[in-house]
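Student: Quick one: the structure is below, questions incoming.
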Amino acid sequence: MNDRLEGKIVIATHNSGKLREMRELLAPHGIEAVSAGELGLSEPEETGDDFVTNALIKARAAAKGAGLPALADDSGLCVEALGGAPGVFSARWAGETKDFAAAMARVAQEMKASGSPSRRAHFVSALAVAWPDGAEQVFEGKVFGDLTFPTRGTRGFGYDPCFTPDGYTRTFGEMSAEEKHGIPADGAQALSHRARAFQMLAASLLAPADPS
Ligand code: ITT
């Protein structure tokens with residue numbers, strides 16, 4: 001039986017865009033979140049070939065390193081015409097310099113080379129929670145949509161400017177934080193992959209949100 005998450009936890013990410021979103025998601029639940037970067041924890045190698053495995057690798061390492069419950073996200077963009085790439089390699093396509101303009105240009109170029117007419121893609125987020133005693137849980141969220149080139153928008157992070165979720169005409173890069181990953185007060189499904197995974201996590205592990 002897992003504990004609920006309360007008090008202080010470590011967010012096992014070194015990605016500032018993700019960290020901002022995860023802090024915003026946790027704030028209404030009374031959680032104090034410190035990041036792996038702030039604690040000086042090193043980044044474990046992501047050796048898994050799926051999102052859940054990599055999320056668990058990061059959460060376990062941070063729980064052990066910090067002696068606190070840890071929350072990790074492993075996520076990425078899966079492009080139908082590319083057989084699901086970049087997938088777990090989404091961060092690596094941006095290279096050492098984290099150049100997402102170059103990563104999105106590579107997606108566009110490889111889609112063209114594939115000859116497929118499909119513009120379909122989805123984002124995946126696996127959120128893993130690990131406790132120092134070895135307990136763990138994982139929640140996975142997805143959002144489907146179309147790829148948009150030329151890219152549009154400067155908000156969000158990573159591949160946001162090239163992804164238009166189903167039912168919308170604007171890319172994630174053109175949306176406010178609230179629109180992309182806000183949690184609807186009426187219990188409806190959130191929009192982003194990470195917010196959808198978080199809704200499942202919150203229902204299972206967190207105290208109810210305080211709307212104030
Ligand atoms: P950590 O492992 O330290 O958390 P990372 O950036 O290496 O950071 P991942 O291995 O999970 O994280 O790589 C996921 C990549 O997928 C991330 O770098 C983004 O570029 C992209 N991605 C994930 N969620 C996204 C989102 O909501 N919007 C845009 N791009 C996203």
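Every residue, even glycine, has its Cβ placed from backbone N, Cα and C.
Here's the feature list from TrEMBL:
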ACT_SITE  ASP74  active site, proton acceptor
BINDING   THR13, HIS14, ASN15, SER16, GLY17, LYS18, SER75, PHE157, GLY158, TYR159, ASP160, LYS180, HIS193, ARG194  substrate binding site
BINDING   GLU45, ASP74  Mg(2+) binding site
Student: Taking each of the binding-site residues THR13, ASN15, SER75 in turn and counting other Cβ atoms within 10 Å of its Cβ, which one has the fewest?
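Tutor: So among THR13, ASN15, SER75, the binding-site residues given, the one with the fewest Cβ atoms within 10 Å is ASN15.
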Student: Report, in whole Å, the straight Cα-to-Cα distance of the residue listed as 'active site, proton acceptor' from ASP160 (substrate binding site).
Tutor: 16
Student: Have a look at the binding-site residues (GLY17, GLY158) and report the one with the fewest Cβ neighbours inside 10 Å.
Tutor: GLY17
Student: Taking GLU45, ASP74, ASP160 as the recorded positions to compare, which has the smallest set of other Cβ atoms within 10 Å?
Tutor: GLU45
Student: Please find, for THR13, HIS14, ASN15, SER16, GLY17, LYS18, SER75, PHE157, GLY158, TYR159, ASP160, LYS180, HIS193, ARG194 as listed binding substrate, the greatest distance between any two Cα atoms, in Å.
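Tutor: Greatest Cα-Cα span of the listed binding residues: 21 Å.
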Student: Rounded to a whole number, how many Å is the Cα of ASN15 (substrate binding site) away from the Cα of ASP74 (active site, proton acceptor)?
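Tutor: On Cα coordinates alone, these residues lie 11 Å apart.
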